[in-house]
Amino acid sequence: MVRRAEPPDGGWGWMVVLSAFFQSALVFGVLRSFGVFFVEFVAAFEEQAARVSWIASIGIAVQQFGSPIGSALSTKLGPRPVVMTGGILAALGMLLASFATSLTHLYLSIGLLSGSGWALTFTPTMACLSRYFSQRRSLAMGLALTGVGISSFAFAPLFQWLINNYAWRGALLLVSALSLHLMACGALLRPLSLTEDAAVGGPGAQITSLLRHGPFLRYTAALTLINTGFFIPYVHLVAHLQDLGWDPLPAAFLLSVAAVSDLVGRVASGWLGDAVPGPVARLLMLWTTLTGVSLALFPVAQASSTLVVLAVAYGFTSGALTPVAFSVLPELVGTGRIYCGMGLVQMIESIGGLLGAPLSGYLRDVTGNYTASFVVAGAFLLAGSGVLLTLPHFFSCISVSTSRPQDLVIEASDTKIPLPKEEGLGEN
């Protein structure tokens, strides 16, 4: 395979964008709409909210904690077979969940099996996309991740309609059929070889260098805090609205309102990330702060109009932070280490995904409402914003990628691994 000196910034990369669009829809669109099933599981198994919340949390955590496996396999085999295998596992998990007779079955089928499929699907696709773009990376990420917004808008009322007509078991069977389309997404991922790949060494050397890289560790800590509160509305907003007296279908529709705003936010932020001078991390900090504030204000709102405004605000800002979050990482670790870097980030931030929803459910069980749940979720995002302030060149007027001097080459396991001088190993 011929090595390219630079990412092509187009060409087949747009087909990778298309693949990532549908892949993100079929992974996080399903996860974000899972609050509709949450109410059904509580009623069907007569369990507390905290225990039912573990279904989505295990799925999110397994998807993220297993990401290094998907990354390592993609480094060896290429992303195509890995993603196609992930599609099979995701569909199989939903299929088995439709026959569940206890929460344990749902933990294993949706949480473990489908989560494993998502781990082999999401990270390799997004890492592959990062390698195809440089100057237009944020825009490409924004367009690809609009799949989450569009599917969240469509899936929440669709899933509620399916539940009303086929019960939750029949609805899960149809979600399984949808998940099989991840195989087609994987078939579109053509491997790309870059000259930087020859200099970064094997996966072991890459992981060792990343774990000693101060800016990478701080960025990972920030995303872990953000991830803890990020998914709370998509798990508990429907239940919160029903506590306020809303009917299930209008409550699910409010998730769709947030999803439309999310869609606009992803495209707008993707364009701004490439167009506005300065480090992309600064834009990420802005969107994260606004998302945290909107989350904390949800319990204050009582009127329907106010809740709609907050849903629009949360949808836009939470959608806007996603593409720039993926754009910051290649600036810190380089495209040659993007598979390992993205997999490692996803694994570590899975701690937040694992604890977020159960913590929210626990606070609901203790206090009797979701006020503390949303306030604490917002606080986690604001804490993540504070950590982002410590990244290199945050207060610079130029981007990280254009401010780097000549790379410093560091020996690790007899392999030369370049890292930027001002971001050297061991920096704290």
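In case you wondered, yes, glycine gets a Cβ from its N, Cα and C as well.
Across the topological domain 'Cytoplasmic' (1-10), the prediction's mean pLDDT works out to 61. What Swiss-Prot lists as topological domain 'Cytoplasmic' is 1-10 (among others), and the listing cites sequence analysis.
Long-range contacts of the transmembrane segment (11-31) within the same chain, counting only residues at least 6 positions beyond its ends with a Cβ under 8 Å from a Cβ of the stretch, are 56, 59-60, 63, 83, 90, 118, 121-122, 125-126, 128-129, 132-133, 140, 143-148, 150-152, 154-155, 175, 178-179, 181-182, 184-186, 188-190, 231, 234. Look at Swiss-Prot and you will find 11-31 (among others) tagged as transmembrane segment.
Marked as transmembrane segment by Swiss-Prot: 52-72 (among others).
Marked as transmembrane segment by Swiss-Prot: 81-101 (among others).
What Swiss-Prot records for 106-126 (among others) is transmembrane segment, and it gives sequence analysis as the kind of evidence.
Residues or ranges marked as transmembrane segment by Swiss-Prot on the basis of sequence analysis: 139-159 (among others).
Sequence annotations record features per position, and here Swiss-Prot assigns transmembrane segment to 172-192 (among others).
Same-chain residues lying 6+ beyond the ends of the transmembrane segment (221-241) with a Cβ under 8 Å from its Cβ atoms: 31-36, 38-39, 42, 49, 53, 56, 60, 64, 152, 248, 250-252, 254-255, 258, 288, 291-292, 295, 298-299, 307, 311, 314, 318, 321, 325, 345, 348-353, 355-357, 359-361, 364, 369-370, 373-374, 376-381, 383-385, 387-388. Under the heading transmembrane segment, Swiss-Prot lists 221-241 (among others), citing sequence analysis as support.
The transmembrane segment annotation in Swiss-Prot covers 244-264 (among others).
The annotation transmembrane segment is assigned in Swiss-Prot to 283-303 (among others). Only residues 6 or more beyond the boundaries of the transmembrane segment (283-303), in the same chain, are considered here, and those with a CB under 8 A from a CB of the stretch are 226, 229-230, 232-233, 237, 240, 244, 265, 269, 272-273, 276, 309-310, 313-314, 317-318, 320-321, 324-325, 328, 369-371, 374-375, 377-382, 384-385, 388-389, 394.
Through the fold, the transmembrane segment (306-326) approaches residues 126, 130, 138, 141-142, 144-145, 148-149, 223, 226, 230, 233, 237, 241, 254-255, 257-266, 268-270, 273, 280-281, 283-284, 287-288, 290-291, 294-295, 297-298, 342 of its own chain, all at least 6 residues removed from its boundaries and within a Cβ separation under 8 Å. The feature transmembrane segment is assigned by Swiss-Prot to 306-326 (among others), with sequence analysis given as support.
Summarising the annotation, Swiss-Prot assigns transmembrane segment to 338-358 (among others).
Using a Cβ-Cβ cut-off under 8 Å and counting only residues 6 or more beyond its ends in the same chain, the transmembrane segment (374-394) has close neighbours at 215, 218-219, 221-226, 228-230, 232-233, 240, 279, 281-282, 284-285, 288-289, 291-299, 328, 332, 352, 356, 359-360, 363, 400, 403, 420, 422-423. Taken from Swiss-Prot, the feature transmembrane segment covers 374-394 (among others), and the record attributes it to sequence analysis.
The topological domain 'Cytoplasmic' annotation in Swiss-Prot covers 395-428 (among others).
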Exercise. Restricting to the same chain and to residues at least six past its boundaries, which positions have a Cβ under 8 Å from a Cβ of the transmembrane segment (244-264)?
Worked result: 32-33, 35-36, 39, 146, 148-154, 156-157, 159-160, 233-234, 237-238, 302, 307-308, 311-316, 318-319
Exercise. Looking at 52-72, 81-101, 106-126, 139-159, 172-192, which one has the highest count of Cβ pairs under 8 angstroms to the transmembrane segment (338-358)?
Worked result: 52-72
Exercise. What residues in the same chain, six or more past the boundaries of the transmembrane segment (172-192), come closer than 8 Å to it by Cβ-Cβ distance?
Worked result: 1, 4, 7-8, 12, 15-16, 18-20, 22-23, 26-27, 30, 37, 78-88, 90-95, 97-98, 114, 117, 121, 124-125, 128, 131-132, 159, 162, 166
Exercise. Where, among 81-101, 106-126, 139-159, do we find the most CB pairs under 8 A to the transmembrane segment (52-72)?
Worked result: 106-126
For this session: Would you mind listing the long-range same-chain contacts of the transmembrane segment (106-126), meaning Cβ under 8 Å and 6+ residues beyond its ends?
Result: 16, 19-20, 23-24, 27-28, 41, 54-67, 69-71, 73-74, 79, 82-83, 85-94, 96-97, 100, 141, 144, 179, 182, 185-186, 189, 326, 339, 342-343, 346
For this session: Could you give the residue numbers and ranges of same-chain residues that sit at least 6 residues beyond the transmembrane segment (81-101) on either side and whose C-beta is under 8 angstroms from one of its C-beta atoms?
Result: 23, 26-27, 70, 73-74, 108-110, 112-121, 124-125, 169-170, 172-173, 175-177, 179-183, 185-187, 189
